[in-house]
Every structure is written in structure tokens, then in C-alpha cells.
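Peer 1: Have a look at this one before I ask anything.
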Amino acid sequence: MSTIKSRLRKEKIAKLFMQFAGISITGSLFLIIGIILFKGLPFLSWEMISQVPQGGFYIGKEGGILNAILGSLYLAGLSTVLACLLGIPIAIYLNIYTNQSAALVRASRLLFDVLFGIPSIVYGAIAFSIMVWLGIRASLLGGVITITLLTIPIVVRTLDELLKTTPLDLKNITTSLGATKWETAQVLLKYIKPGIFTAVLLAFGRAIGDVAGVLLTTGFSDNLPLYIDEPAATLPLAIFFQLSSPIPEVQGRAYASALILTFVILFIVICTHILASKQKKHKL
Amino acid sequence: MKIRLWKDRWIRRAFFALLILTLSVIAFIGIGLTIKALPLLEDQSLFSILTQSIWSPLKGKFGFLPFIMGTVWVTVIALAIAVPLCIMASLYLVEYASDRLRNTVLPLMNVLAAIPPVLYGVWGVLFVVPLIADYIAPFFGSSTSGYSVLSGGIVLAVMIFPIMISIMVEVLQTIPAELKSASLSLGATKWETIQKVIIKKARPGLLAAVVLAISRAFGETIAVLMVCGNIPQVPKSLFDAGYPIPALIANNFGEMMSIPRYDAALMFAALLLLVIIFGFNLISRVILNKLEEKV
């Protein structure tokens, strides 16, 4: 057995390592945001977010990325709505209509967890080949369907966890007053209302940031997205395309676009955080 | 009253149908990909597809080895960086840190998790790639453009930080306090307790977190594609360019229609990803669910 001194020294060294690990992990977040801020800020202008690409935009001339911003908002908005329309009923079904220990319920939860991990490129690949098979060209609709599939597991699992935390008393009281299961579900939904918005925001954040799914299904367009059966630009793809250009102005715009996307994401995260703490208060 | 019961019954049926519909999507994807990928197996055996290293679609040669190795390199580098850091950091957060520190750092991890892949890619291009080309590679006496498997690994490591930290912290918090107290009261230092008690007890959970991170790393497309170089070769060193499987799918979808068997090859790539990730996810989720039930 080594002396107490050397053991305590080991303790100190280990602690230093752990602190270093913690700092480098948290630091990476600030490094990412810092670099994008530093590079993107000089190129950010009102023109960027208020105009569509003009002629010669991709060789560094006039224009902005309004088409991509709107495209992304439409895409993420529509698919989030669809994912909620499908996901909320499923979460309710899993929690209220079924016996919690039933094999079906456990298997479904497991499957949704697994689905959550399937990368978007796989969804994109299969959606693309279905679209080719049906003779549909890349369009906003294709993107919406792909991204919906991607976001359903998020909505289902978030709401499922929330519904699990609702007090059993609440469920029992509503049932004992003669409510049907559907009426109980309505009461419980009211109880977890801030949580529903959290799920919506999480899904929206995932949807707006995804590239691999939309790359194959949504295409790209310089026009404002007006029709659902036409290709539409999305913000992450705009960043990707502009960054691969050799022209410095265009690359600069890629940085600025990345900065815009960062702002959107940070806004979403902050809203989620506020809502989550609200739900916590709600519980007391 | 009748109307209410009638409504309830129909809602139950509709919701059940939605559940089955959504879950059948996964089966549908699997079957669809298999059907599409089968033509590739007609003139090459599965073994030769997986082990050949010549990728030449025009000549009808589809060897997946460079892409598999590309994915493996990137993933292993990412894990080599992320696993020790994440274990240490989560141990610190659970065992040493004050509540206040913990409640500051964990939400920051949610921010990191929310950052879209493309922004990681931008960061990789702006920071990691030049760092490797200008400082790290010359230090080891080799020259590179910076677009290498090492860049991909570093970017990927940062991307899997949040998922690992959040699961590891959760796992470590389930370790019973009595076990720790028993070890500490025998005179062990905190670090000894961590080594000999906590890590041992938490091993399955930590493993599950790592496996989950691996499957995340396998499927990551755009961020890796942006920094990896994308040359179909088997990487031989950290500074060689690689070409992971998801990047292959993303880069070649436009042209695949004109070349025979090309679409089957890409679908095979997607199927490969799906099967591996599905399996890995399933394993780690089963482990984690078991742990959760124990508590």
C-alpha cells in the first residue's frame, strides 16, 4: 500500500484531469459559436436576410438568402406540425389507452428510441428512391415527408416521458369522475402544456438543421418557395453550397448564413430552456 | 353518454392505427432498401463487396472497403478523443461539482446537442482543418491539406460529446450512495472509490452510452463530408483523406441514375448503415432500459 501522501497526490492529479476534460468539452461549445460569430459577423447585412439571390449571386454579386430562410422555416414548420399531429396521439395512446406493462407498449418505446437514432441520410435515401419510383421530382413536399419521419420519434419520446411523470392521482380522479379515457387525456394534455411546446421546439430545431434528409429530397431553388410541389432552398444547404465555392465573397456569405442559423438555434434552445423550467414549476 | 363512449372507442382505434402506421415505416424502409440493393448481389458476393477496395462504378466494380475503413477510422478517432474526456467530465460533474456548476454545464450540453451538423462542418472547415494543416501535421513531420480522417474524427468527437455526457451523467447518478460511502469509510480516497467502485458498477451503462455514440458517429453525414476529403481510398494514416459511407451516399445520388447497378450500390450502402445502426441502438437501449428498471 502506498503512502497516504502519494495517494492524495494521485487524487489531485485525477481531479485536475477531470477538470481539464470538463473545461475542454464546455469550451468546444464556445469555440464553435465564437468562430462562427467571428467569421460571420463582418459579412452579415440586411441584404442577406431580405433578398433572394440575384443574377450572379454565386459569383459574389448582389442578393441574399431569403429564399433559404423561408424555405427552411416552411419545411421545419410544416414537418413539425405533421409530426405533432401524428406524434401526440401516439404518445397519448401509449400512456393512457394501454396497459403499461404490455409487450406492445414496451416494444414501441424501444422502437421509437431506436428510430430516433437512425441517421437522416437513410431516410433521405429511401425517400429519394420512392420519389424516383413514383416519378416525383425533388420538392418541398418530399422534404416535409422525410423530415416528418425524422421528427416523429422526438415528439413521441419527449411527450411520452412527460406523460409518465404526470401524477397518478390526476389520472385516477378524472377517471373516477366518470371521464372517458379521451377526456382524461385532454386533462393530462393541459397539465403538460409547457412540455408540449418543448417537444415542438426540439422537433423544429432538429428539422431546421437537417441537411442529409433534404439534400436528396428537397432540391434547391433561387426562388421564394411558393408551391409545395416545387424544389425549395433550405438554410443548411445554402451554407453547404456557398462554403464549397472558391470565391471569398460567397464563402463569406456562407459564414454569415451559418451565423443566422446559429441565432435561430440559440433562440430555440433558450425558449426550450425557459419552457422546461416552467414545466418544473408547474409540477410543484 | 353513448356518444362519449363511441367517441372514445373510435379515438382509441385511430390512435392505435397511427402507432402501427408509424412503426411499420421502419419495416418498410428496411424492406425497400433490401429490394433496391439486391441487384448488386447478383454478380458479386456479399463478401467480395465488403472486402474489395476498387470503387469504379463505370466499370461495374463496387468495392466497399475504402468506405467502410473511412467510417471506421473516423469513428475510432472520435471515440479515442471523446470517450476518456466524457467519462472524466461526467465523473467530475457527478462526484465533485457543486449543484450550481452541474446545473450550468448540463444545459450547455443541450445547446451543443442542438447545434445542427452543418454548423459543426463549418467549424471544422474554419478551425479544425487549418489547425491540422498548419500546426498538427507539420509537428509530426507530414504535410496534408487538412481535409483528413483526423479532422473528421475531431469534429465527430465534439458532436458526440453531448449524447455521451448526458447518458453517462444519468448512469453515474444511479450508483447507490451506500456503495460510495462504504468505500470512503474504509479509507479510500475519492479517486480510488471512482476507480474501484463507481466505474465497475457503472460499466454496462457507460458501455451503452459509448455504443449509442458509435451509432451516432456512423450515420453522421454532412459534417464529416465537409472535412474528410472524400477520396475513395483506404486511409493509412491520421492525415490521409477518407470517404465515410454516409458521405458516399450524399455525394453520389445525383449521378447514380445513369450508371447501371450504381443505385443498387448506394442503396446497399444505406442498408448497411441502417442495419449496423439499428443493431447498435437496439443493444444500448436494451442495456439502458434494464438499468432504469433496476433503480
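Placement of Cβ uses the backbone N, Cα and C atoms for every residue, glycine included.
Predicted automatically and left uncurated, TrEMBL annotations should be read as such.
Reproduced below are the annotations present in TrEMBL:
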DOMAIN    B:68-284  domain 'ABC transmembrane type-1'
TRANSMEM  B:14-35  transmembrane segment
TRANSMEM  B:64-93  transmembrane segment
TRANSMEM  B:105-129  transmembrane segment
TRANSMEM  B:149-172  transmembrane segment
TRANSMEM  B:206-227  transmembrane segment
TRANSMEM  B:264-288  transmembrane segment
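Mind running through what each feature is packed against?
Peer 2: If one looks beyond the transmembrane segment (B:14-35) by at least 6 residues along the same chain, the residues whose Cβ comes under 8 Å of a Cβ in the stretch are 267, 270-271, 274.
Panel annotation: around the transmembrane segment (B:64-93), residues 49-53, 55, 101-102, 105-106, 149-150, 152-154, 156-161, 164-165, 168-169, 172, 194, 198, 206, 209-210, 213-214, 217-218, 224, 228, 232-235, 238, 242-248, 268-269, 272 of the same chain, lying at least six beyond its termini, place a Cβ under 8 Å from a Cβ of the stretch.
Taking Cβ pairs closer than 8 Å, the transmembrane segment (B:149-172) reaches residues 70, 73-83, 85-87, 89-91, 93-95, 106, 109-110, 112-113, 117, 120-121, 123-124, 128-129, 132, 136, 198, 202, 205-206, 208-210, 212-213, 216-217, 220, 223-224, 227-229, 235, 238-242, 244, 288, 291 in its own chain, all 6 or more past its ends.
Same-chain residues lying 6 or more positions outside the transmembrane segment (B:206-227) and placing a CB less than 8 Å from one of its CB atoms are 71, 74-75, 78-79, 82-83, 86-87, 117-118, 120-122, 124-125, 128-129, 147, 151-152, 155-156, 159-160, 163-164, 167-168, 171, 199, 244-247, 249-251, 273, 276-277, 280-281, 283-285, 287-288, 291.
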